[in-house]
Amino acid sequence: MNTFQKNESKETLFSPVSIEEVPRRPPSPPKKPSTKICGSNYPLSIAFIVVNEFCERFSYYGMKAVLTLYFLYFLHWNEDTSTSIYHAFSSLCYFTPILGAAIADSWLGKFKTIIYLSLVYVLGHVIKSLGALPILGGQVVHTVLSLVGLSLIALGTGGIKPCVAAFGGDQFEEKHAEERSRYFSVFYLAINAGSLISTFITPMLRGDVQCFGEDCYALAFGVPGLLMVIALVVFAMGSKMYNKPPPEGNIVAQVLKCIWFAISNRFKNRSGDIPKRQHWLDWAAEKYPKQLIMDVKALTRILFLYIPLPMFWALLDQQGSRWTLQATRMNRNLLILFIMVLQVLNPLLVLIFIPLFDLVIYRLVSKCGINFSSLRKMAVGMILACLAFAVAAAVEIKINEMAPAQPGPQEVFLQVLNLADDEMKVTILENENNSLLIESIKSFQKTPHYSKLYLKTKSQDFHFHLKYHNLSVYTEHSVQEQNWYSLFIREDGNSISSMMVKDTESKTTNGMTAVRFVNTLHKDVNITLSTDMSFNVGEDYGVSAYRIVQRGEYPAVHCRTEDENFSLNLGLLEFGAAYLFVITNSTNQGLQAWKIADIPANKMSIAWQLPQYALVTAAEVMFSVTGLEFSYSQAPSSMKSVLQAAWLLTVAVGNIIVLVVAQFSGLVQWAEFILFSCLLLVVCLIFSIMGYNYVPVKTEDMQGPADKQIPHIQGNMINLETKKTKL
C-alpha cells in the first residue's frame, strides 16, 4: 500500500553550509541520583562545597587582615605605597574571575579548574609565608616573594571564585529550584563566617606570637595557607558525589563570534526589501545553531541588567574606608570590642540577617500575597543602601558640629598658658585683635578656648604686652596661617618671658590619643608610658613633640631624673583628644602634672553608626545573595561560570567608581555621602525600569530543540523564499 498521499506538499528547508563548523555540544550525561542530606532535597555534595568555601574565605580574609601592617612594619613601605599595593591586589582578585570562568566553561570544567587553581592558591600562600621570614634574605628578597605570592593568591582566589558558586548550583536538579536558592544563602553565610573568624584570629597570631624577636607575620600568613590546604582536601573528598557537567568548548569565543557575525550580517543585509527579524541576534541563524543564539540572547539580556549594578558596590565597599575613617572621629567606649577590628561588624550582621530574611521576612512577604521576585529584592536592597548613606551623612554632619573649628586662610588659633606663680595680663597690640586677650589669666590656667587671630598675609609677626605684678614686658612672635599655637608665659628669675609653640600635630591620627609634656624642672625628665614608648623632656621648660598613645587610664606613669624616680597620675586619656601635661614641683604636693586638653575628646558615640551598618548589611543580603542565585538561575547551562565572573566584575568596577569620585569630586565628606546616595537612587530607578521589562529565562528555553527553520544562503545574500518539494 502506498503510504504517501498523492499530490501532498511537504515543506522542507535546506540547511546552510557554513565555512566555520560550530562544534556540537557533548550530550550531558544523565544525572545519577545523589545522596541527600537527612532525607531532604539537598545533595550531600554541597556540604563539601560549603566547607570548602568557609575555609577558603578564612584563608583569604585572614591573610588580608594583616597585609597592610605587613607592608608598613615588615617591608617598611610608606602609607601611600602600602595602600596602593593593597588596593591593586584587591582589584586583581576581582578581575581574575573572568580567566577562571573561561577556563572552567571552555576547557577543564568547574571541578578540575577549582582543583588546579586551588593548588596555585596554596603555592601563593607558601611563597607569601616564606617572604615573611626575617632570616630568609633581605629587603629585596622579601619584596619579590611577597609580590609573587600575592599574584598567585589573586589568580587562585579569583579563578575559583565564580566556579565554586556555580558548581554548587550544578548539584541541584531543576525541580529543586527553591532548595538551590537557599543554598546560595548558606554559601554566602559560609563566606561571612570565614571572614568573621579569621579577622579575629590572624591579628592575634601576628601580635601575640613572636618569631625571631618580631611580630610573627610568617605564622599569620601560614595559618591561612593551612586553611586553604584543608579547603582543597575537603573539596577533593567529595569528588565521587559531585555532578560534574563537562566543559562545552570555547564558549567565550563562540559567543563573541556569534555576536560579530550577527552584527556584520545585519549590516550586509540592511536593504529595506529584506524582512526584519525579531531580534538582532537572529541574523546569526545562517551560521550558528539556534540553541547557541538563544543562549547568547539570555546572556546579553542579563549583562544588560548588570550595567547599573557597580554603583551598589561603590557604596557597599566604603564600609572599610570612608566609614572606618568616620569611626575614628567618634567615641568608641561603648563598642570597644568592635573597634579592635571594625570590619567584623558587617560579617557578624550578615550571619544574623541571612536566616532572618530567609526564614522570617521573605515568608511573611510571601504570605501577604506579594510576588517578591529576585529583581525586586535587588531593587529594595539598593534603596536600603541609599538610606544607609543618608544616615551616614547625618552622622557626619553631627560629628562636624561637635568637632573644633579649623583655622582658614590668613587665620591662626592661639591659646595662652600662664605657668607663672601669679595672674598675668596678656594683650595683643594689633588693633583688630586687641580685644581678644585683655583679661587676666590666673596662675596655671589657660585661656578658656583657642582665640582666632586674623593675619594680613600668610605669615605675620604679632606683638604681645605681658603685665605681671609691676613688670611690663613686650615680646614678639611670628605665626603662619592655618595653624594652632600655644603661648607659654613663664617666670625667668625676676623677670618673665614667653615662648610660642606650634600645635599643628595636635590633630590625632586614627582617632587615637595624643600627648606631649612641658618640663618646668631644672633637670631632664624621662617619662615611660609603656614598654615601647617613652619621652625625654629637656630641663627648664623643654617641650616634647606630640606622640600617639592608647586610650585608657594612666594612674601611675613612671618618671625618672638623674637623681630620683617618681610617678605621675595622668588620669583617663580619651579617644581623639590631644593632651598637654606640665610637670611642676609644688612645695605642698610635690611633683605633679597639670593636665590640659588642647583638643577635646570625641563626644559622639560610635553606637550611632549601628543604624547605617544595619541598613547596608540588610541591603547586602537582599542584593548580593539574591544576585548570586539570579545569575546562576538565569545563565545558560554553558555559561554558568562566565556569568558568575561577570557578576564579580561589577564589584571591581564599583571600586573604580569610588576612586574616581573620591579623587575628583572635591566635596566635603557628608556631601560626598549624599552624592553617592542620590546616584544610587537614580541607578535604582533605572534598574527598576530595566527589571520591569526583563523577561525571565525559562529552563525549557535554555534547553530547547535545535533550529528547525534556517533560511537558505545564496552567495552573500539571504534567500528568504521558502523552497517546496513535492513528494
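Note: Cβ is positioned from N, Cα and C throughout, glycine not excepted.
The transmembrane segment feature in TrEMBL is assigned to 58-78, 84-104, 116-137, 143-164, 185-205, 217-237, 298-316, 336-357, 378-395, 645-667, 673-695.
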At least three Cβ pairs under 8 Å linking the transmembrane segment (378-395) and the transmembrane segment (673-695), pairs spaced 6 or more in sequence?
yes
Top partner of the transmembrane segment (298-316) among 58-78, 84-104, 217-237, 645-667, 673-695 - counted as Cβ pairs under 8 Å:
645-667
Ranked first among 58-78, 185-205, 217-237 for CB pairs under 8 angstroms with the transmembrane segment (116-137):
217-237
By Cβ distance under 8 Å, which residues at least 6 away from the ends of the transmembrane segment (84-104) in the same chain are close to it?
60, 64, 67-68, 71, 77, 110, 113-114, 117, 150-151, 153-155, 157-163, 166, 247, 252, 641-642, 644-646, 648-649, 651-652, 655-656, 659
Below 8 angstroms Cβ to Cβ, which residues of this chain, lying six or more residues outside the transmembrane segment (185-205), approach it?
46, 49-51, 53-63, 65-66, 165, 168, 216, 219-220, 223-224, 227, 341, 343-344, 346-348, 350-351, 354-355, 358, 621, 624-625, 628
Can at least 3 Cβ pairs under 8 A be found between the transmembrane segment (58-78) and the transmembrane segment (645-667), with each pair 6 or more apart in sequence?
no
For the transmembrane segment (645-667), sequence-distant contacts whose Cβ falls under 8 Å of one of its Cβ atoms, 6 or more beyond its ends:
87, 90-91, 94-95, 97-98, 100-102, 158, 161-162, 302-303, 306, 309-318, 321, 627-628, 631, 675-676
